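Notes follow once the structure below has been shown.
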Amino acid sequence: MLKIKLEKTTFENAKAECGLVFIINKDFDHAWVKNKKLLETFKYEGEGVFLDQENKILYAGVKEDDVHLLRESACLAVRTLKKLAFKSVKVGVYTCDTHSKDNALLENLKALFLGLKLGLYEYDTFKSNKKESVLKEAIVALELHKPCEKTCANSLEKSAKEALKYAEIMTESLNIVRDLVNTPPMIATPVYMAEVAQKVAKENHLEIHVHDEKFLEEKKMNAFLAVNKASLGVNPPRLIHLVYKPKKAKKKIALVGKGLTYDCGGLSLKPADYMVTMKADKGGGSAVIGLLNALAKLGVEAEVHGIIGATENMIGPAAYKPDDILISKEGKSIEVRNTDAEGRLVLADCLSYAQDLSPDVIVDFATLTGACVVGLGEFTSAIMGHNEELKNLFETSGLESGELLAKLPFNRHLKKLIESKIADVCNISSSRYGGAITAGLFLNEFIRDEFKDKWLHIDIAGPAYVEKEWDVNSFGASGAGVRACTAFVEEFLKKA
């Protein structure tokens, strides 16, 4: 992990092997730009990166005056620098538009530091010839790129320290998620997932309860159990329950995650090319583990419960079948018409378990539907639920964190598509359209009336796993949901 060191000095006087200068909105006239003629000669127009070897400065373009583009550019700069021979880099402090008047300096520092730190991530556990980055340190000169009010300048050091703490916690939490999701299914079984959660619990002094199939049977979590039937003798399921309890808790929050450690589709078998990357189907459950790490280290004033349903969905003599009817923990019967719509079965029972805790808000995370990716694209997560204020808060705070999110609306016509003639509800829709929403409506069937306005469903199927670098996301798992939900919890508690 890149070490960031804060120094009360100017950018010019800071000592490092290389300088990093951002060209914001094509402004080449700043004093930190050392060789404008060189940039003009090579027709560098303030996008991407350009290395001035003579002055040992890497220029990184920020296309518009936007804090999110600053974060992205910082990440790109570090990805570039780690391929070079520089051990250290220096950078000043920038203040781009945050689209909000509150804490602009702090938000810029968070974006800068997080971008720098996330740029070094690479999952190379199984590579024989690992190429360790030479770049080890970033010196941040506490000098502002452009004049600021005196109050802003006076709070620079304080804001930098707070932002650095945030970036370190968020990077660690995201990397926990990335590593877990990237770990191949031969290793990352439900038991392994529980072991990762136990390590996080031990480090943060959290309560943890890891329940096996006997507990699931006692609690009548038959939908969850059905998904695991083909794996029961080899990789049994685990219900993982993490608890963070601060001394002062304003609210109780339940975070629920789908933890499918591998999903071949069950008897409704996926085509071979669709199975590749299905190790990422534990993205929701992994995000919940990362969130408990982040929220505990940030010391949020809420009692937070993380509930992960960890299982495989495989084929075998005991596999559950299309035409089966399952009785969920909530007592509702489910007609199975497709065993590849399994995540919603696991979540149905986990959401029931979460409601037994009487939380003030429930948020579930799942790589639930390909339809969500078709509808919103691979960069955006979907938000569903009944409470408009809660949905708006998650969307606004999530967008400010740098994640992309959009709301999808429930409606009565789509709800009819999951009706069953022989059970209370069917696990798939009778139509090929609106699949992300009908999956959310299926989950809604297991939300009790008193929790309807306290529940949000987040489908992270698009951005949870990245096959081509974009923004601050390296190849592989992105940790989708962690930044957004952390910001949501902080804003939710401000209103408590």
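From the backbone N, Cα and C atoms, a Cβ is placed for every residue, glycine too.
Positions annotated as Mn(2+) 2 binding site by Swiss-Prot: Lys258, Asp263, Asp281, Glu342. As annotated by Swiss-Prot, Mn(2+) 1 binding site applies to Asp263, Asp340, Glu342. According to Swiss-Prot, the active site annotation covers Lys270, Arg344.
Cα separation, Asp263 (Mn(2+) 2 binding site) to Lys270 (active site), rounded: 9 Å. Surrounding the centroid of the Cβ atoms of Lys258, Asp263, Asp281, Glu342, where the record places Mn(2+) 2, the chain contributes additional residues within 8 Å, namely Val227, Leu260, Met278, Lys282, Thr311, Asn313, Gly343, Val346, Ala366, Thr367. The binding-site residues listed here are Asp281, Asp340; among them, Asp281 has the most other Cβ atoms within 10 Å of its own Cβ.
Across the structure, Glu342 (Mn(2+) 2 binding site) and Lys270 (active site) place their CA atoms 12 angstrom apart. Put plainly, the recorded positions Lys258, Arg344 were compared by Cβ crowding within 10 Å, and the winner is Lys258. Put simply, Arg344 (active site) is 17 Å from Lys270 (active site) when counted between their Cα atoms. Comparing Asp340 (Mn(2+) 1 binding site) with Lys258 (Mn(2+) 2 binding site), their Cα atoms are 14 Å apart once rounded. The separation of Arg344 (active site) from Lys258 (Mn(2+) 2 binding site), Cα to Cα, is 8 Å. Counting every protein chain shown, the Cβ of Glu342 (Mn(2+) 2 binding site) has 27 other Cβ atoms within 10 Å.
The record gives Asp263, Asp340, Glu342 for Mn(2+) 1. Within 8 Å of the mean position of their Cβ atoms, the other Cβ atoms in that chain belong to Val227, Leu260, Cys264, Gly265, Gly266, Ser268, Lys270, Asp281, Asn313, Thr339, Ala341, Gly343. Here the Cα atom of Arg344 (active site) is found 12 Å from that of Asp281 (Mn(2+) 2 binding site). In the shown protein chains, 26 other C-beta atoms lie within 10 A of the C-beta of Asp263 (Mn(2+) 2 binding site). Around Lys270 (active site), taking its Cβ as the centre, 15 other Cβ atoms fall within 10 Å, counting all chains.
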